[in-house]
Amino acid sequence: MALRGFCSADGSDPFWEWDVSWNTSNPDFTKCFQNTVLVWVPCCYLWLCFPFYFLYLSRHDRGYIQMTYLNKTKTALGFVLWIVCWADLFYSFWERSWGKILAPVFLVSPTLLGITMLLATFLIQLERRKGVQSSGIMLTFWLIALLCALAILRSKIMTALKEDAEIDVFRDVTFYIYFSLVLIQLVLSCFSDRPPLFSETIHDLNPCPESSASFLSRVTFWWITGLMVRGYRQPLESTDLWSLNKEDTSEQVVPVLVKNWKKECAKSKRQQRKITYSSKDPAKPKGGSQVDVNEEAEVLIVKTPQKEREPSLFKVLYKTFGPYFLMSFLFKALHDLMMFAGPEILKLLINFVNDKKAPDWQGYLYTALLFICACLQTLVLHQYFHICFVSGMRIKTAVIGAVYRKALVITNSARKSSTVGEIVNLMSVDAQRFMDLATYINMIWSAPLQVILALYLLWLNLGPSVLAGVAVMILMVPLNAVMAMKTKTYQVAHMKSKDNRIKLMNEILNGIKVLKLYAWELAFKDKVLAIRQEELKVLKKSAYLAAVGTFTWVCTPFLVALSTFAVYVTVDKNNILDAQKAFVSLALFNILRFPLNILPMVISSIVQASVSLKRLRIFLSHEELEPDSIERRPVKDGGGANSITVKNATFTWARSDPPTLSGITFSIPEGSLVAVVGQVGCGKSSLLSALLAEMDKVEGHVAIKGSVAYVPQQAWIQNDSLRENILFGRQLQERYYKAVIEACALLPDLEILPSGDRTEIGEKGVNLSGGQKQRVSLARAVYCDSDIYLFDDPLSAVDAHVGKHIFENVIGPKGMLKNKTRLLVTHSISYLPQVDVIIVMTGGKISEMGSYQELLARDGAFAEFLRTYASGDQEQAEQDDGLTGVSSPGKEVKQMENGMLVTDVAGKQLQRQLSNSSSYSGDVSRHHTSTAELQKAGPKNEDAWKLVEADKAQTGQVKLSVYWDYMKAIGLFISFLSIFLFLCNHVASLVSNYWLSLWTDDPIVNGTQEHTKIRLSVYGALGISQGITVFGYSMAVSIGGIFASRRLHVDLLQNVLRSPMSFFERTPSGNLVNRFSKELDTVDSMIPQVIKMFMGSLFNVIGACIIILLATPIASIIIPPLGLIYFFVQRFYVASSRQLKRLESVSRSPVYSHFNETLLGVSVIRAFEEQERFIRQSDLKVDENQKAYYPSIVANRWLAVRLECVGNCIVLFAALFSVISRHSLSAGLVGLSVSYSLQVTTYLNWLVRMSSEMETNIVAVERLKEYSETEKEAPWQIQEMAPPSTWPQVGRVEFRDYGLRYRENLDLVLKHINITINGGEKVGIVGRTGAGKSSLTLGLFRINESAEGEIIIDDINIAKIGLHDLRVKITIIPQDPVLFSGSLRMNLDPFSQYSDEEVWTSLELAHLKDFVSGLPDKLNQECAEGGENLSVGQRQLVCLARALLRKTKILVLDEATAAVDLETDDLIQSTIRTQFDDCTVLTIAHRLNTIMDYTRVIVLDKGEIRECGQPSDLLQQRGLFYSMAKDAGLV
């Protein structure tokens, strides 16, 4: 009554009247309702939003937008609207001034509306000043205002059409103006303003259109349509992709996570300290003795470690990403509430159909409400999904960035516990787990909320009978809990097996050359398959568990429905199961099905993420290197004249291990050249590592003054151009760069490289020789122009004359670095007289230290060492360097032979690629060369010289053959059985629901329904058949998935191992690791799940359409066109989605390749202090990967919104046709039809998601199969051509007009080789760098097949027999000593062919018996990844032991004694002479003195044999061999 007086002066205008607004065929709102509610609703909305929006804008200032026509128009219209509203107000005052009695509403409403319009105008300007280009708040306000005005407009038009209507002309005119202006404001709000001034998007060449998209465009994801169209017309390329939004980049995301993690770690340490302190001072109990107190204190201190609080990574992730992610809570809650509107409207619709007297407009209203509700649900749901996916993407970016940064600083002991495989898995699999969790995590609270709301509405519908359903759900809880615990256990075991497999695959890929040379592929294949078998066992258990889980989860909603209906109809005969109760309940049960089905997935995802969270926390908590353990001072700082000062320092590789270096004390003055010498394993390399802070300093003081450069023993080369390897991130200074190139003897190499210094160097420098890699590594250090240089045997891998050149021009007293402090680890004695100080290492300690003369004078171990090894066998020694022997007191020391033992460790790869077609002839030229000349023009066919092949993305639709391949991998029987069981399950589901509709239409006789028991029994039986078929298809798909995983992995492994070496040189290891980790994980885990969900969604959609057509045949007019629209949109989407997935996969490989490369060279990166640059590179590669991922997730949303709109249309037409045909339809069929249509949207959404997931995930199968089509090497064994088991008996090797090239389009690197090597001959092979020495051995092992001619061993053409038949009969001691993780025995004898006694004998002959006997586990001692727990020299001795064990008739030594000290080298040479006395020995030598007693020497130059004969004869000829011997100081 109060509102009557408010709305009209005489109280005659009611606020609400049912007969006017509801119970009529032509409804309308009352005048009072129009003037109050319809005016106030938009005002209340804006005023409620204003304080929150104002606060948000004040905190999020994006910049200032200049006034535009759009902004000016909106502002002007705002003022006009304010004037129009207040014109109404002044008109009311004017009326009152004329004595007209007006209701208060005519003053209040215009005033409120006018002030609201001023507020709207103020917000338009505030948004402009804060850089808001399009406002959702304002668009919603204008939309609400328009909808309210629309209702008033309809009423005014209806009133105007009445003959006797009273018309208020002024207010009607102002209203029409108001309506028009609001409509214009709404239209203008749909457009976006220009970007703010100084916005980054202005300068971005290809900015993401999202940032400048309008609100409507963002809500409907319309802004990505341009990319979708481009992708539909032609395959997308990486250049088509937009830049990432700034807030999604690594630069923004990673530092925040790292900062929060450091805070959390510091916090946990502080809390730990508090706990420790509190435990030390316990309160003394009354009456207790002091002894009791002390005992209690001891107990507390002992228990303290149990109370250690680990830093919480979950808290850190929440703190970093929580604020943005919390928005998803709001959208999810809104969606969940809207979801229950459907069943309630369905209830009203069924009641409407039953009430034949109800006006038709009510049915249309319910239909419109269903449609609007469904559309809003769609928009809200996909905003929720978008936030979740973006959060997941940011988490993945942050995790990868944090792992990479941590990998650069963890200690060496920590690196042993986290292998490369594990760290790669952290970046690929574990980071992906967090992404997956982001989409599911909200279901933790959402699923229970949905269950509670559903049960509440079911209670209202069916009463206490619902408790039966609740009981069923409660019974399932412990079962789900047990399965979750089991799932976690299996997940941990699975990840452990996967880590081990990836670790082993990494080693295989890094050491593939050695595997091929030794014919060990099968042994390592079996090792990988054994680990894989364990992995598949766990997967199989998980699959069985998943099948049981699927059975319970699918059956639970049906059992809930069955038990509820059964109790409802049996407890009271008067309980009638009519259409309203049954189908509203069924709709609610269907809603209930989703949270119950999704919860197991959520639990599984949480379990997986918790495992990953723990793994990541452990890795990020590893100890870090302490650069502060070494005092670093700038050069300008005084602090004495010493560059390096070490006082009583002790170092260890791990705190738990005994010290590696102890009692180290020395000082090195600025500008000194210091040599470090000693036997293998004495701690020379460790000393350099200690100075680089790579080791733990236990005690002592270390001070370094100035910057440091480091040349490691094994050269680390990046997959980049030669120039970039040398510049190493520094600016090009042309003159200095040329000087470095010349000094490091690289000019001749550049002249033969196809593009000079721009030539691409393969991964790990595969296309450079060991010497070339070492020189590039040296040039990198020299170019950086540091104050202190640490050289770890840099002259080891180069020829004597090149070593001499480098020492003279770079390291020595007259070299480029003569004023720098240089610390040189060396085995060569020829340079020792020229150094300032010599440090002699023995057993991790400095045994002697002093100048060359001082050490000789002391007549200690060093002098004895020199006497033994400095007097060569050649009496006619020439002193090229003019070095004179120095006499020690009372003794005469013979003159040194310059360069007698100049060679050491070679680079990691045996393979020469382009370099072997060249020669290094004569002295290094000293002419000036410009960088333009250094960049030699490549051949016309650029691809001929392109070595590394980037991971390529396939284009176009995934071929049907890929699906067929996967089905064959599963097994055709299991494939078709799965489809049949799926079909049976969904037929049973459809029949059960149709049966329910028939039941609800049963006539009611005397207040009850007949045949209730039969109906219930059949309904139950159909449900049981559903359960059986569900279990059947889950089991079939899971087992089939495991079969497929096994077969695809075996095929991939077999194909990769059967690939020739050229394949591994062209293919970055990141690509291969990607296949064995991420792609295989997709096949293992994702594809079986996607198949189940895809098949389920497909049959659900077909079933829903069948039911709708059955209920309303008229729907056949609409469903086919909607189906066509659906199909077109889906195909339109898949064209882009598929390509985006491929681009994402391709851009993922460089992330892993760069990461692997970084791990291999981490000590070099740290030494040069280049961590920041490498972090930036890693971030850039991750961002490139996310540039492809982000559009793919948005494209998913784009598709879902459009397809759900198609689904919403099905809801609209199903309800509409039910209203139209209500007089001829039963309530049961209407209920069935509409309840199914309500599910269609969800089914369609899932079908499209799963079909696209299917296509995008099947790409993994495509990428695994990709390598089956690559070129393969010759068969390993050819039974019909197998040589006799005793072959070769003599060891005679003949080269007949032999020629070799590395690739078809390259020149020959060996030409017209004609030579016969008789059995038992000892032949040395020498030549300048790149002459083709190693190429000859590669040809002998058929690593590269001959281009012309043939090789005959004991009358058998080696090209005719199997590769393994050949390779097991020849033994090589390679340039690069490669060991694999596993026992020492496995590294010697992987096939377990020899007895322990034979193994020990080989170790004794290789001078390793004492060392191995001293190990805790002897032969079973575990070797670290890459054999890193042995020195390079010890690894080389293990390779010698392998050769001794195999004892074949032909032995090849490829610079095999490079990494050992002089004494060990002497022992090895004598071992080879005695143990291989009756064998044919081919030795590639840098140290010419080792082959001077050989039968013959072959001199190669430019791939041809230039000289051949006995060493003494060749010396007399004074040709190439003579000049090389002269360089080595042998003549």
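Just so you know, glycine gets a Cβ as well, placed from its N, Cα and C.
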Same-side flag (membrane), GLN66 vs ASP578, source Swiss-Prot: no
Annotated transmembrane segment segment (source Swiss-Prot; candidates 396-416, 774-794, 837-857, 1026-1046): 1026-1046
From the candidates ASN767, ASN1006, the one which Swiss-Prot records as N-linked glycosylation site: ASN1006
Integer Å distance between the CA atoms belonging to ALA1331 (ATP 2 binding site) and GLY678 (ATP 1 binding site): 32
Fewest Cβ neighbours within 10 Å, where candidates are the binding-site residues GLY683, GLY1327, GLY1332: GLY683
Surrounding residues of the transmembrane segment (134-154) on its own chain - C-beta under 8 Å, 6+ positions past either end: 28-29, 34, 38-39, 41-42, 45-46, 49, 53, 120, 123-124, 127, 175, 178-179, 182-183, 185-186, 189-193, 213-219
Beyond the flanks of the topological domain 'Extracellular' (569-590) by at least 6 residues, Cβ under 8 Å: 340, 342-344, 346-347, 350-351, 354, 454, 457-458, 461-462, 465, 557, 560-561, 993, 996-997, 999-1001, 1004, 1007-1009, 1012, 1016, 1226-1228, 1230-1232, 1234-1235, 1238-1239
Cα distance (Å, whole number) from THR1329 (ATP 2 binding site) to GLY681 (ATP 1 binding site): 29
Selection from 34-54, 317-337, 465-485, 1026-1046, the stretch that has most Cβ pairs under 8 A to the transmembrane segment (364-384): 317-337
Same-chain residue ranges lying at least 6 outside the topological domain 'Extracellular' (989-1025) that approach it to Cβ under 8 Å: 555, 558-559, 562, 565-566, 569-570, 573-574, 576-579, 581-583, 586, 1103, 1106-1107, 1110, 1226-1229, 1231-1232, 1236
Most crowded position, judged by CB atoms within 10 A, among GLY678, GLY681, GLY1330 as binding-site residues: GLY1330
Rounded to the nearest Å - Cα separation of LYS1333 (ATP 2 binding site) and VAL680 (ATP 1 binding site): 27
DSSP residue counts for the topological domain 'Extracellular' (155-172), split into helix, strand and coil: 11 helix, 0 strand, 7 coil
Three-state composition of the topological domain 'Cytoplasmic' (122-133), taking helix and strand from DSSP: 8 helix, 0 strand, 4 coil
Protein Cβ atoms within 10 Å of ARG1328 (ATP 2 binding site), excluding its own: 25
Distal contacts, the topological domain 'Cytoplasmic' (122-133) - CB-CB under 8 A, six or more residues away: 46, 50, 53-54, 57-58, 60-65, 67, 71, 74-75, 78, 192-196, 199, 211-212, 214
Counts of helix, strand and coil residues, the topological domain 'Cytoplasmic' (385-440), according to DSSP: 50 helix, 1 strand, 5 coil
Tertiary contacts of the topological domain 'Cytoplasmic' (55-74), as residues 6+ beyond its ends and Cβ separation under 8 Å: 124-133, 185, 188-189, 191, 193-199
